[in-house]
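> Quick one: structure below, then a few questions.
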């Protein structure tokens, strides 16, 4: 299964959970301390990254999604660092700062790629007022399509049942990364994502895949869950849904370097994909691919849409599929830096026909990469009138992304793609029809940047309008 990446700019996700700051100190070690039998590390580099629920938010932002995070912090320097880092990534931070607690901070000391020690600075948040988070959730829920509850057992989800019910009352699915063996706390969740050890802590030792499936379905019934995704390390993932066959996904990790934050990546990509319109099985396939990427990195890491597309398609030289504007700009820069000629075209492509395919094949032959910009449903309706489009934006983009000639598919909501083309600046802009180059939207900007504009002929006898009329007349 090779799913097409959705447009993550449509994904609004609310994250509620245990936020923390991950700090890393790096340096060489070449001697043992005379004070105790421990290595001496000469710290030469340091780094700070959002961790826990904050890493989930960072993952969603790196995909181009809209992340809104609610969590508990102290009134201290780590809280300011955490908020500043997330805000710089366009994450909306809504922290509850409590004066009697420190912001959870984890300091890791590494040498030659190996973690030597971790130091935790934390006190569990206890007896907090649920309304502090519930009131913030109430304001955020109308703006999102998914909720993630990220539980590290640090106290932010002390009132987790109230949070689940608040989201369900708003009609928003709730995805939970659980902690501990008390799954009763998560009753009614749309999806739980335990790893294998967390799963076995609840159901007992699992000796076979069949036993995993049986015990998993029993958990779904017992705790009134919508679905269960068990992450199984080198054995991949298993998705269990009410009334459906088990869905097994093999691991995509080529090399495991560090599993820190892998669970955060799984739930963030899964929830963002569902929020962007993907079915649960496709979202799990994307999350599985993302996990394979992130375990190959050191420390708490994120996955970009470029990396995710490469993981899904198996190579940096294969089609990337549907992509957000920000990710496309990044991808085009990389392609042009490699000396590749990027070609761009645009259209509604409402009912894809032989004329479209011929045109796109011709366009692809003019360069190394082909971008197709697609009018959104609202844009098509303004241009073509009531009753159009026949196919939704997601379906039109999915079909285009499946063509061998097409590398990237990106949506735009305006009447013309002029702004988008000016942001992308392809090497060659092509358009079908009888236009003059200077009349083509975005043409002036491309030429001013040193690019070219070319008009291609459409194949005669192929027209979306004619196809629609033929179907209406019963000639289809």
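Here, residue 1 is simply the first one shown, and the rest follow in order.
Here the Cβ of each residue, glycine as well, is placed from N, Cα and C on the backbone.
So Swiss-Prot says this about it:
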type	residues	note
REGION	1-318	region 'Ribokinase'
BINDING	195, 196, 197, 198	ATP binding site
ACT_SITE	264	active site
REGION	344-476	region 'Cytidylyltransferase'
> Give me the Cα-Cα distance between residue 264 (active site) and residue 197 (ATP binding site), rounded to a whole Å.
16
> According to DSSP, how is the region 'Cytidylyltransferase' (344-476) divided among helix, strand and coil residues?
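Helix/strand/coil tally for the region 'Cytidylyltransferase' (344-476): 53 helix, 26 strand, 54 coil.
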> Non-local Cβ contacts of residue 197 (ATP binding site) (under 8 Å, 6 or more apart, same chain)?
none
> Which Cβ among the recorded positions (198, 264) has the fewest C-beta neighbours inside 10 Å?
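If we count Cβ atoms within 10 Å for the recorded positions 198, 264, the smallest count is at 198.
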